[in-house]
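The structure appears right after this line, and notes come after that.
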Amino acid sequence: MAKGGGGGGMLLPLSVEAGKGNGGGGAGDDAALFKGSAMTRRGAVAALSYMSCSVLLVMFNKAALSSYNFPCANVITLLQMVCSTALLYVLRRLKIISFTNSEPSVPSDALFFVPFRILLRTTPLSLAYLLYMLASMESVRGVNVPMYTTLRRTTVVFTMIMEYFLAKQKHTPPIIGSVALIVFGAFIAGARDLSFDPRGYAIVFVANITTAVYLATINRIGKSSGLNSFGLMWCNGLVCGPLVLFLTYIQGDLKKAIEFPNLHSPGFQAVLLFSCMLAFLLNYTIFWNTILNSALTQSMCGNLKDFFTVGIGWVLFGGLPFDLLNVIGQGLGFLGSGLYAYCKIKGK
């Protein structure tokens, strides 16, 4: 648990500077899983926390959109963003959390809680998130599920490319091999369903690029802005919230949500509540994992959690049309993710 730069112990790990380097401080907390490891205990906890929150959020979002047939996914996104920003405001106002590693000279009653120049500096991150979100939603509409899953798994390749161009980060042959195994497994899994659709392919690859840019931007801006994970989430909400609100308004989603027949159902409201809570934790763990480990690690965790999402979905809902090629492809993807995790833990 990181010790914040102010009075009072932090309940959540906040440290941005505890990246991949050997920087000073927190020797006990940052002890490696194995001697010479490239992933610390906090890095492993961040990765596992992200995967847990992501799988649970998928289940609650599925319940809202499928079980209750809620027609407005954008409204759920807006509610999650509003709840996250409001919770951050209350926690910061009560001085339970900090938005920066070393608290700057910003009054506690300031409007933004962070210097305006830092808010402007994180704008590219917020815009990258908005593009990533919009492209991902559109990509789901335009292609069938097997094709979508197959093409989205190639995000790890785009992430490696973006890390190289933005941060000049190079990867070892075992890491590159594990990524290649995941991509190969993805295409094997969806081989029977890959009917060529130029528009569908284009939109999904745009979503992959925006995802890679978003993760690489988190890694770059997070380590140079002086903001911790909460601070990055706060700036994201301030910039993206009004834009998402405007989008849902002009598309008529707000009106549809108000007229939704199950809006006052206790069960539906409970699902929305848990969805918003998990979205807050998921956004935090995305920042935490990406900053503490790397953008590629975050992308690989996304592939790894897909395996558990599919498994839990099969147990809870059944009926997944897996054939032999699909099973083999999923297994290769899981093997590639496991190989990557092993390489990171062993520091190779």
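Positions of Cβ are set from backbone N, Cα and C atoms, glycine also.
TrEMBL: automatically predicted annotations, no manual curation.
In TrEMBL this protein carries:
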type	residues	note
TRANSMEM	43-61	transmembrane segment
DOMAIN	52-340	domain 'Sugar phosphate transporter'
TRANSMEM	73-91	transmembrane segment
TRANSMEM	111-135	transmembrane segment
TRANSMEM	147-167	transmembrane segment
TRANSMEM	174-194	transmembrane segment
TRANSMEM	200-218	transmembrane segment
TRANSMEM	230-250	transmembrane segment
TRANSMEM	270-292	transmembrane segment
TRANSMEM	304-321	transmembrane segment
Using a cut-off of under 8 Å between C-beta atoms, tell me which stretch among 73-91, 111-135, 200-218 contacts the transmembrane segment (270-292) the most.
73-91
Averaged over the whole of the domain 'Sugar phosphate transporter' (52-340), what is the pLDDT?
78
